[in-house]
Amino acid sequence: MDDNKLLPKLSQNLLEILDDDEYYDITIEVGNDPYVKIFRAHMVILNYRSPYLRRILSTNRKKNDGILTHIKLPNILPKIFQIMLRYIYGAKLSLIEYDTLDIIKILVAANELGLQDLIIHLQSFLIENKKNWIKQNFNLIYQTSFENDSLLSLQNFCTEFISNEPEKFFKSIDFILISEKSLISLIQHNNFQMSDIQVWEHVLKWGIAQNPELSSDPSNYSKDDFNILKNTLQRCIPFIKFFNLTFKEFLNSVYPYKKILHRDLRDNLFKYFLDYDNKSSDKSEQKLKIRNF
């Protein structure tokens with residue numbers, strides 16, 4: 001007999017164990033008020049199926065006092081954990097039964113529980129079957145993928161999509177809502193189809209948006225204002241290709257914000273643009289304009 005033919009029966013038996021009220025040895029409190037549900041389960045199965053639960057259980061061993069082990073999972077919705085628990089026991093999950101938003105919630109829960117095989121499967125399913133939905137709900141997918149380090153396939157899909165259609169994304173309100181980590185990943189991408197000055201201007205836009213008290217006109221900035229923007233963008237600035245800019249771009253879009261740049265970078269840019277390959281008459285004008293850099 002083919003061994004694979006025995007697996008469905010094994011899966012069925014394990015699900016029957018889950019549904020049995022007699023032999024459980026752990027209760028799991030899932031969700032937050034008012035949406036909380038208590039699930040019964042078996043430590044040995046949870047221990048071997050979920051690395052995350054294994055870590056929790058290692059510090060919550062059942063004592064020989066007749067009291068059941070009890071753990072809490074506040075970050076997962078009860079409805080989603082019900083699906084996850086049946087997957088943990090029976091290794092079954094029919095995605096056609098769920099809408100795409102629920103699949104995203106299942107993916108986030110799988111990431112929390114450390115279910116790597118399921119994480120890979122769900123990402124592949126979404127990318128292969130739900131591309132249009134992802135594009136229509138792009139900010140949700142983008143934020144979700146970069147808030148969870150294991151979702152590399154979705155991260156790459158999102159970054160590739162933005163790289164091919166950057167203007168559409170950068171002009172949307174969603175852009176200023178992305179995380180710093182997401183922004184850095186985006187501007188690092190080798191195939192990013194946007195000029196270096198556009199990248200800088202959008203990074204500035206993002207940085208200012210993170211600090212609503214800042215004006216869009218740097219001529220009105222105090223020393224504290226520049227320091228606020230400098231601190232906001234300090235991890236983004238190293239990825240800006242300032243030396244690819246023209247002198248005009250530098251003068252109009254970088255020079256007004258010179259105080260947010262590290263001194264060494266400022267000095268190097270100053271030297272570079274003084275030697276910029278323009279007409280000699282233009283060079284004199286350049287020196288005059290940036291003499292206080």
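Quick reminder: no glycine exception, Cβ is built from N, Cα and C everywhere.
Nobody curates TrEMBL annotations by hand; they come from automatic prediction.
Worth saying up front: this structure is predicted, and the values here are computed from it rather than measured.
Here is what TrEMBL records for this protein:
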- 24-97: domain 'BTB' (DOMAIN)
For the domain 'BTB' (24-97), provide the mean pLDDT of the predicted model. 89
Per DSSP, what is the helix/strand/coil residue tally across the domain 'BTB' (24-97)? 31 helix, 19 strand, 24 coil
